[in-house]
Structure formats: structure tokens, C-alpha cells
Protein chains: 2
Amino acid sequence: MTTTATPSYDALTATWLRLYRLGHLQSMASWDQAANMPPKGNTARGQALAEIAMLTHGMRTDPALKDHLARAKDEALSDAQRANLREIERNWFAANALPAELVERRALATSRCEYAWRTQRKANDWAGFAANLKSVLEVGREEARHLADRSGLSPYDALIDRFEPGMRGATIDRIFGEVKQWLPGMISRITARQASETTLAPQGPFDRAAQRALCERVMRVLQFDFDGGRLDVSSHPFSGGVPEDVRLTTRFRDDEFVQSLMGTIHETGHGRYEQNLPRELLGQPVAEARSMALHESQSLAFEMQVGCHPGFLGNIAPLIRDAFGDQPALATANLQRLLTRVQPGFIRVDADEVTYPAHVIMRYEIERGLIEGRYEVDDIPALWDEQMMTLLGVDTRGNFRDGPMQDVHWPEGLFGYFACYSLGAMYAAQWFATMRRQMPDLDAQISAGNLAPVFDWLRENIWLQGSRWTTDELAVRASGETLNPAHFKAHLEKRYLG
Amino acid sequence: MTTTATPSYDALTATWLRLYRLGHLQSMASWDQAANMPPKGNTARGQALAEIAMLTHGMRTDPALKDHLARAKDEALSDAQRANLREIERNWFAANALPAELVERRALATSRCEYAWRTQRKANDWAGFAANLKSVLEVGREEARHLADRSGLSPYDALIDRFEPGMRGATIDRIFGEVKQWLPGMISRITARQASETTLAPQGPFDRAAQRALCERVMRVLQFDFDGGRLDVSSHPFSGGVPEDVRLTTRFRDDEFVQSLMGTIHETGHGRYEQNLPRELLGQPVAEARSMALHESQSLAFEMQVGCHPGFLGNIAPLIRDAFGDQPALATANLQRLLTRVQPGFIRVDADEVTYPAHVIMRYEIERGLIEGRYEVDDIPALWDEQMMTLLGVDTRGNFRDGPMQDVHWPEGLFGYFACYSLGAMYAAQWFATMRRQMPDLDAQISAGNLAPVFDWLRENIWLQGSRWTTDELAVRASGETLNPAHFKAHLEKRYLG
């Protein structure tokens, strides 16, 4: 055994390296569960995943770690090591902040609520759902208080911090407050302008093998590394696996290919972030993706900034026609209209990039009020109806299924998550505003089929940075400022009203 | 906590249930590595599998287990619990019998030999291979002595016992000794008889999607449960996964479909054994498959006893023609000749069921001599050439690649394994002899497409028994006698000389 000057730091990194390696097996088993597993494997899979979760939880809550964390702070660490220690401590805090009995009650409440929700949603059964959600909210409030007591943050901030470290409700309030000022007016102007456009719907059926080949072809255009990842099919698309072996999923319908293609482009953004995290530190928390909003800034950079870019679309439209044969709806100009069609609707995950923030803002405001005790579960439908009418002009009364019952987040107790989606869209706009400032010919390059400037910038400024910096530091280093929603507004104005 | 009358037994079963659940993740990650994983995932996968192997090894070598094993023997156990305790102890012995440094030297020697073998085999480089194999043999002898000291068996018996518990070299000597008496003569008579037959080779290409669909169709005929398993592609076909979710693999060539189809039928036998192990005990060693030879008796029951049965073939030949279109070579009679063609050759895995035992017997005799110190690595080529000439009339001089370098077993240090293949073929013949005694219309049933009598018998007598009995006990309960190679001889005589 060699002795080092940083024994506690080394003990911590050894533990987290083991956790990383065991996490690999968890990730793969979870991916397989969604992409491959036949139904009769589910019970055994659940037991296996519970077993290793218990085991890794035991490693993260080993009492010896607390002393190591305290002592490591006084050890002679490099800046990178200190950043890693900060991330190790965040990870440790997440595992140790809650008493075991609360974790267990949380698991029971959320699994009961989520399981019942699957059928209650179809039946539009708000009353049944609300009864379970009340238990989830109760545990969520308790969780928030616990995390707040131990972190010194406010309860809701403590929940946000799990997903978006450093982000505060006050900041989101300011940002979303601005968006609410201009968004309804912008939506009206855009829909008025688009009312006179004619957009053709592509006519299926679209062969699934051809759809899959198209998706993989576009992933190659987006430089996804198939030697370090795959595309498969699951009922809910996601980006899984590990940085060394990224497993993306999509789903196909016979009558439609656009959702699957754009969904694949979205997941490819997540996937390339993972594939390009800093290799020399892989296995340590500092090498992990920075946050949920940053991750979403990559998927939306791919889906919205690049994927819906007219120059990019001009390059992949021939691939689309090559896959399915030509038809008027597959003309490049029509595809462009199809991808930038703005239409207020009920469903968040189906929303276009202009109306999407409205869905997020109202969820954010409602869940914040729920956690802070200003609202109760029974208040949700009225709040929902009012906000949907105000922000999107959509009447949701009585339609719980396509209203407050549409998302899995609340049944799963994921309070503090929703804002990340729109923060991600805003970060993505900010990255592209920065690129255009630094590379004035960026759009011409994209139109010419040269995506290297985009990927080089993202790799250098986001991907290779992992969790080396706080999100604010990373944003300033990359773009000269912290999150600034003006770039998102400018992006929408240019694309939809320019 | 409730107290029980069997605290040590309960502690042991709790540990082995955890090992079962963690083993689920190991099995799935290994299957994925062969069936899905892109090349860049391999290092991280290897590290993850090593991490969990170390972790489960730590659980199996926990010093507390030794006391529990001793105490559990005095607890009031049912017969089934006692059988489980016997299997737990076997598993514990396997993990604890060897000193850690020997395990490590073994891993180093075998991984170096196996890795170099992949290129040395292609280059026919016997000298290079032999140098590495000497290290593997040295460790293998040491391993055998250690296991012998701790088990009271002879060194080679101790190696066999890892794969085929209860089987002894003396028994195999007797059985293989008999086979050697009649096998060369039988091969001569069969090849002479077949010399006058005309057998057409099917003409490809054979569409891979059609091959896959055919394989799955035949798996359904063989009642593989696709709700509890899958068929995928890997470069070396195997049966993996877990009893609740069996993952079979095959491989396809454009110019040939028979190997893939018969290989799939073979793996389906392994798969159905796993899918039908006793459910109420699943998670405990007593619910696991009995042994390697028993497992092979199932795959060969499917491939040779059923798969090459003229009645069965009569039922699947239309599916084959349906998959690839009709051609003279796909006529049922020609397919039958193709599947029962006997031809001495170099390669064990390509051998027909008549010449296969010759390949096994010579390996068994050589490796036994190696472990017992009667032979050295440098003696192998001469022994090989002599045995191949005596048993099969094949001249292998100078062709090491297709001679003693063709198998991965010795590079991997798996001494004691080879015999199981032929013992499995003999058990399979014994099971079918028993079925025919009990159900005189068995062949008529198979020809009529009714496989239920076969599967019911196997389920009742083999699958549902798991590891409840020793192999000899199981054989006696199922067939009235321990392994009797006369049934195998009778099977070959009837099929090939009848």
C-alpha cells in the first residue's frame, strides 16, 4: 500500500468509483427492462434492482464517509479534485439527508399513486387520483422540510436543488415572470400569422424498418457514436445506459414518422452529451453531466436549435424522401412548416417550442404553491383551468386526463423538476446566441451541412466540462453571462416572427 | 423480528437469495455484452462485472457463513431444505476452497492464454499457444490438488465435481471405455451405408429475417415461452439470462440455415429447462438446474432426440419451405438425410451425434492425463493425432488450428468439463428410452405433432426437480437406473442402422 497526502479524498473516490461501476449494471438492467424484457421477467428484475439499490444505498450511507468528507476538505486537493469533492458531497447529501423511514414512506406513497394513476388517467378519475396524490404531497412537503433543515435552503429550493443545483425559486420566478409577460401575446401573433399557411400532413403508412434506418442515418449526421451506443425501441423514449455505452430509445407508429424522428434527434442530444463527458475523470461525480436543465439544453439544442433549423432540415429532407418515397407533404418547405407549427394544446409533451413554456410555468407555480402550503391538491383543477385559459386560451374544464393527470412527475413525487425543461430550452437558445456571436457564419455552415462548429462548441464548453463548475460558472465561462431568457425570446421572435 | 427454529439455515437462505438477485444483474449484463453491446462499452462492462463479482465473492466468503453451515446441519430441516443446504454448501465450497492468490493467478493465466489463443489459433501457432497453456495447466493442477485436499476426492474427480457433482472419473472411464469398443465400428458401418445416399445441399441465400422468423416459429412449436424469454443474435450462441427471463442467442449466415435452426433448437432445450425450474423455490440453489450433463441432456433431447426425429422433421419441414420457398433440397426426406449425415471431421462443434463422442472421449483422456501428471502439454499433438486416427480415421498432423487449438475450454482452464457433453447425450437417450417404455405410442405422437407427452415427462422428471436430488437419485427416479450408455448405443443403432 502506498500512502498518499489525501487519504480521505482517496477513500471517497474509491467508494464512488465502485458506485459508478455498480451503477453501470443498474443502468443497463433498467434500459433492458424498458427495451427488451418480456413481461414475466418483471418481478425478478424489480427484486434485482431493489437489491442493488439497497446495497449501493448502504455504501452511500456508511457512517465512515462523513468523517472522510470532513477531513478531505483539509487535504491538499487540486481545483478539479475540489470540484469532485463538492459533487461527491452533493451525492452523499442526497443519500443521507432523509431518514430511512421517510424514504420508505415516500416509496410506498409514490408507487401506489403512480400505479393507480395508469388506470385512473384513462378513466379521467380525478377524485381517485387526488386521494393518492394527497399522500404523495404530504410526504413531499415533509421531504422538503427535511432537506431544507439540513441544507439551509427554503423547502422548495431544497427540492429544486436535487435536480438543478444552485438554481433558486426566486431566479425562476423572475425568469418565468418575464416570460409570462410576453408569451401569450407572442403565441397570438404567431398563430395569427400561421393561420393563412397551408401545411400538408404526410400520408402513411411509414414502414417501421425504414423509419428506424432513417433515425439511425440522422443520428449519424448528428455524429452519434454507434461504436459507443445504440438505438432501440421502448414505449416511452429515453436516453439510458452509461457514458461509455449510451442506449437511446424511440418508438414508431405506422401512421406518423415526425414525432419519432424528432424524438430521436432530441435523445441524440442527451446521448452526445453523455458520450463526450470528460473521459479521464469518468467514474467520478465531477465527470457527470452538470444538471437536468443542462442536459435538456443539449437535447433541445439538437431538437429545436438544430433539428428545426431550416438549413439542417434542408439537408435531412432528402433523407426523409429517400426513406419513404416522395410526396407533396415531404417537400422541404412543407416539412419546415410542419416542424414550426404553433398550436396551443392540452398536452405538454406534444407542445411546440413556443407554447411549451406555458405548460411548464403553470406546473411550476402550482407545485411551488403545493409545497409551500398555499395550495392543496383539491385546488389543482381550478388553478389548472385558469392558467391554461390565461396562458394558452385552452378550455380544460372537466378534462383531468389531458389536464393535471397527464404527467408522471407528481405521482412520482418529483416536485422541483418541471422548471428544468424550460430552463433547458433557454440555455440552448443562449448557447446558440453565443455561437452566432463568435461565428457569424454559423447558419450558413449549418445550411451547408457542416455541423462541426456547433458540436465543437458544445463539446468544448458544455460536454467536456462535466460537473467541473457550478451551472452559473459554466454558463458564464461558455456565454459570458448566467441564464438570460432574452436569448430564448429573441430565438422565437426570429424564427416565428422574423 | 420473529425467531425461528432454523436461524442458521435462514441466514444462509437470505444470503443466497441476495446472491440470486445480484446474479440476475450479472447474467443480464453478460448477455447484453454478447448480444447488444457496442465495442466501446467493453472496458466499462468488464469493470462493472468485475466489481460485482468481487462483491458477491465477498458475500460468499464471509467467515460467518462457515458457522452457519455447521449449525444449520443440526437444525430441524425438511428434506427439501436439507437438499437446499447441500447445494448451498456446494456453492460455498466452490467460492471458499481456493486461496485468493491462486484464484488470481488462475485468472491471469487463463485470460492471457485465452486472449492470445484467439490470434494464435488463426496462425496455427502451436508453440506460442503451448507456452501459455503450460501456465494454465500448472495452475489447473494446483487447483485440483487444493480441491482434492479439501473434498477428499482425487484431483481430477475434484475438477469434474465442479461441473457434474457426484460424477467420478472411474465411472466415466467405464462408460467411455465401452463406447470406444463399439464406436469406430459403428461409424464405419454407418458411413458405408450412407455412401450410396444422395443428399442435396440447400441453395441460399437465405434471408436473415426469414431465418429468424423460422427459428421463432420452431421455438413456439417447442413451447418456448416468449413471455419469459427472447431470441437474439450473438457471435457464439448460448443460453443466458435467468429462469424468469431466458435469453437465447443464435447466429445467422446468408448461405446456410440448418446450423442456425438446429442451434436454436438446442438452446431452446436449455431454455425450457430454465423456464420450468421449480418456481416456489426460485432464488435458492436447490431450484437451480442439476448439472452440466443434465443441462446438456435437455438441449440434446431437443436437438437430437426431437429435432432430428423424422416425425418432428415431417412437421417442421413445411415451415422451412414456407420460410424460404420450395427447392428439392428442402424436401422432407432430403432434410432428414441432411440432419443424420455422419461424417468424421476435425471440429467437435460441427460433429454429428455419432462421431461427437469420439471428440469428447479423446479430450477427456488427454486432460485427465494432463491433470494427473501422466502427460505434459508437449505430448498433446501426438496424442491428438493418434486418437483422431484411431477413433475417427482422420489425419490431423500439423493442423493444430483444427486440432488441439479448436476449443476455448483448456485456454480457460475448464478441465473436467468436456465429458459432460457426451454424458448429456447419453442421459438424453436414456430419458427417451424411458418415455418409449412408458408410452409405446410416443413416436406416433411426435409424428402427429403432439409433443406434450415429451414435455410433460421432462417437466415432471427433470425440470421441476431442480437440484432436489443428486444426479444419480434423479436418474433412478426418472428412469429406474443410473446413467446407462446402452440406451445411447441403442438410439444410434436404431436411427442409423435400423
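Here, residue 1 is simply the first one shown, and the rest follow in order.
Yeah, the Cβs are placed from backbone N, Cα and C, and that goes for glycine too.
DSSP classifies B:H266 (Zn(2+) binding site) as helix under the three-state reduction. Here TrEMBL flags B:H266, B:H270, B:E296 as Zn(2+) binding site.
What TrEMBL records for B:E267 is active site, proton donor/acceptor. With a cut-off of 8 Å between CB atoms and residues at least 6 apart in sequence, the same chain places B:P237, B:F238, B:S239, B:L248, B:T249, B:T250, B:S299 near B:E267 (active site, proton donor/acceptor), listed in sequence order.
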Spatial neighbours of B:H270 (Zn(2+) binding site) that are distant in sequence (at least 6 apart) but have CB under 8 A: B:S239, B:L248, B:H295, B:Q298, B:S299
Filtered by Cβ under 8 Å and at least 6 apart in sequence, the residues in the chain of B:E296 (Zn(2+) binding site) near it are B:C420, B:Y421, B:L423, B:G424, B:A425, B:Y427, B:A428
Additional residues surrounding Zn(2+), by Cβ distance to the B:H266, B:H270, B:E296 centre under 8 Å: B:S239, B:E267, B:G269, B:H295, B:Q298, B:S299, B:L300, B:F302, B:E303, B:G424
Taking 10 A as the limit, how many CB atoms besides its own sit near the CB of B:H266 (Zn(2+) binding site)? 23
